[in-house]
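If you look up TrEMBL, you'll see B:T155, B:K181, B:T192, B:E279, B:N407, B:S412 marked as substrate binding site. Summarising the annotation, TrEMBL assigns active site, nucleophile to B:T192.
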2 protein chains.
Amino acid sequence: MAVNLSTPNPADLLPVPGVRLGVAEAGIRKANRRDLTLIELAAGSRVSGVFTQNRFCAAPVQVCKAHIAGGAIRALVINTGIANAGTGESGLAAANATCAAVADLLGIKAGQVLPFSTGVILEPLPVDRLVAGLPKARGALRADGWFDAAHAIMTTDTLPKAVSRTVQVGGRTVTLSGISKGAGMIRPNMATMLGFVACDAAVSQALLDELVREAADLSFNSITVDGDTSTNDSFIVIATGQAGNAEITEAAGSDWAALREALIDVSVRLAQAIVRDGEGATKFMSIAVEGGADREECRKVAYAVAHSPLVKTAFFASDPNLGRILAAIGYAGIADLDVGRLRVWLGNPDESVLVAEHGGRAASYVEEAGARIMAHSELTVRIDLARGEALATVWTCDFSYDYVKINADYRS
Amino acid sequence: MAVNLSTPNPADLLPVPGVRLGVAEAGIRKANRRDLTLIELAAGSRVSGVFTQNRFCAAPVQVCKAHIAGGAIRALVINTGIANAGTGESGLAAANATCAAVADLLGIKAGQVLPFSTGVILEPLPVDRLVAGLPKARGALRADGWFDAAHAIMTTDTLPKAVSRTVQVGGRTVTLSGISKGAGMIRPNMATMLGFVACDAAVSQALLDELVREAADLSFNSITVDGDTSTNDSFIVIATGQAGNAEITEAAGSDWAALREALIDVSVRLAQAIVRDGEGATKFMSIAVEGGADREECRKVAYAVAHSPLVKTAFFASDPNLGRILAAIGYAGIADLDVGRLRVWLGNPDESVLVAEHGGRAASYVEEAGARIMAHSELTVRIDLARGEALATVWTCDFSYDYVKINADYRS
């Protein structure tokens with residue numbers, strides 16, 4: 001049961017000039033299932049990405065990193081079912097064969113193709129079936145293929161995740177559309193968070209690289225379901241340059257600001273959708289830390305709270321358990337934290353209540369207020385460290401019986 | 001349901017010359033419950049301890065640290081029911097008043113008393129009821145009080161935890177007895193891991209301080225149930241010096257080696273008992289990492305595996321899920337880890353099987369072997385990083401429906 005998330009309306013998903021998407025049933029792991037997505041980019045598109053830090057980095061991620069460094073990317077190919085991770089040299093060969101097949105089909109070079117895989121790890125990718133499905137995916141290529149692609153990249157997600165919006169940049173309308181998948185930072189063997197955002201803005205490669213890192217930091221790198229990091233996580237931003245705006249080449253000015261705001265907004269909404277569809281989730285929680293000496297310590301505190309199984313089970317029970325929140329802040333690893341100065345609020349979209357100050361429960365806090373706030377499914381824990389000006393927000397979900405059920409019962 | 005842990009036989013718990021223990025029902029939080037323990041130490045005893053790193057350090061922990069620095073400790077007083085944490089200045093006053101009352105009763109100074117509290121946090125300690133119970137605890141003081149004390153320090157533990165053994169040191173028999181409590185690193189509001197070990201060896205204060213840090217590192221600091229660190233965690237080692245051995249003053253020689261081995265052994269068994277009694281535990285897991293460049297990176301890898309909710313739920317399901325284990329190793333934070341060189345074994349007390357090598361599943365591994373191993377309740381994950389000579393082992397338990405149930409349903 002996803003938290004305040006529903007299937008997007010296909011009419012709300014906007015074509016991005018320069019981008020066409022097609023899906024097919026390739027029978028990668030199961031029959032009668034759309035499991036192959038091809039994304040074709042117009043010549044001149046710029047592409048940037050960030051990838052998993054996991055040392056068990058999947059074969060397609062290794063190939064992506066190599067190809068993206070070469071530039072001039074013209075196609076993305078995404079399969080579900082098999083993650084092609086933990087597969088050694090033969091896994092690399094499979095990812096390269098996939099790129100070669102896409103290149104043949106589209107008349108481009110293999111180095112201009114980025115491959116992505118998500119699904120069971122430690123199993124070989126059936127390249128023959130994947131390649132056999134490519135012509136059908138190519139035949140299905142269309143500018144309004146975002147809705148289908150959002151479905152075709154799902155593994156155990158309960159809902160497709162897609163977002164579009166427009167923004168004015170240099171007097172032109174820039175369109176952004178994106179899709180994401182993932183229902184935990186990693187599913188049992190069904191690994192992977194994937195995020196793809198395309199826009200038609202004209203922006204230099206250097207700025208696009210800067211923007212993808214910042215957007216990832218503020219979105220996909222600010223969520224957690226269970227603290228596990230997958231072997232295949234990838235976030236890709238595409239700029240086709242067809243909107244007609246004057247190319248943005250400096251990280252300054254209103255054009256840059258508008259594009260930056262819009263891209264971060266789309267990325268955050270796609271990332272939050274993953275948490276809303278988190279395994280067994282019944283609550284969506286924002287952990288907003290302010291007053292830190294730097295952003296890194298704010299993130300430490302936010303993640304300590306967001307990862308605490310005790311906090312997460314308390315939120316599942318709608319229990320405003322201050323002790324667990326304070327204890328998590330206390331062990332976040334800030335050696336000189338003055339607990340006497342920090343303050344904590346619990347909130348929902350209707351109200352926010354100061355619950356802790358001076359090293360303990362706030363004098364004004366009554367349990368009824370806490371219970372009233374926790375009855376909501378959208379919750380905020382706001383923490384003021386009173387040490388500086390830095391901020392960070394992390395989004396997570398609660399920890400329910402269903403989380404254990406999903407992860408204990410799952411068999412690949 | 002504890003994993004391979006039973007109530008100790010009272011006859012197996014040995015008196016330690018110089019140590020007497022007494023318990024009482026003080027009605028701290030609930031009536032008709034032994035909730036107060038007094039431990040009296042003979043003059044000349046040496047005491048050392050390590051305490052929680054949580055910044056929300058409870059009042060009694062703050063007082064303990066101050067008093068232990070002054071030396072000449074003669075008594076320990078432990079209450080359950082209320083943790084006296086997150087209680088500010090009045091909490092400190094309550095802990096100091098407790099020490100003063102014990103000192104009056106025993107004719108010693110308040111600074112010679114160490115106070116410990118465990119139970120609900122953010123609630124005031126009822127000092128009057130605690131003090132009123134002290135004469136009865138004093139009247140109950142006896143050398144063979146270990147079994148009663150193991151019961152009286154329990155909160156939500158399902159079983160008492162106590163261990164005794166002897167060791168020959170310098171031609172004399174040294175006796176060690178210890179008790180511990182804790183059923184998670186922290187219980188909902190019932191915070192705290194406590195461990196107390198006493199021996200009658202004669203050992204210098206400097207070496208005792210060194211030994212308590214080493215023993216804590218290899219025992220209580222090598223366990224995890226849920227990754228949460230309590231506000232009150234304390235581990236105390238007492239050496240009364242009454243065994244008659246020549247005082248050990250150097251960290252060398254057979255006397256030191258014998259005492260060190262015995263103290264670490266007792267500490268490890270007490271720490272493991274906490275994991276065996278972990279919330280909802282059905283499996284006891286040793287994560288043994290070897291071949292590390294240093295101990296710290298071995299611990300990082302072991303804790304990444306031990307903390308992964310995905311690994312823990314897989315073990316609950318008796319699922320030999322290699323992908324989750326490899327992914328956890330991969331995100332442990334060792335930037336230059338060569339996953340192609342590492343090897344992983346799964347084992348139980350009967351057999352051990354190589355499951356992963358060369359970056360993926362071992363060619364020799366068959367799922368039946370994994371399933372056979374996982375059918376046991378005592379499991380080992382052995383990981384060879386193939387980078388050096390360092391080792392570290394961490395003990396943990398699985399993650400079950402009952403963990404969520406206990407932590408979501410619990411109301412203080």
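Cβ coordinates come from backbone N, Cα and C, glycine included.
A quick note: this is a predicted structure, and the numbers were derived from the prediction, not measured.
Each of the binding-site residues B:K181, B:E279, B:N407 was checked for a CB under 8 angstroms from a CB of chain A; the ones meeting this are B:N407. The DSSP secondary structure for B:N407 (substrate binding site) is helix. Within 10 Å of the C-beta of B:T155 (substrate binding site) there are 21 other C-beta atoms, taking all protein chains into account. Secondary structure at B:K181 (substrate binding site), taken from DSSP and collapsed to helix, strand or coil, is strand. Other C-beta atoms found within 10 angstroms of the C-beta of B:N407 (substrate binding site) number 26, with every protein chain shown included. Cβ neighbours within 10 Å of B:K181 (substrate binding site), excluding its own Cβ and spanning all shown chains: 28.
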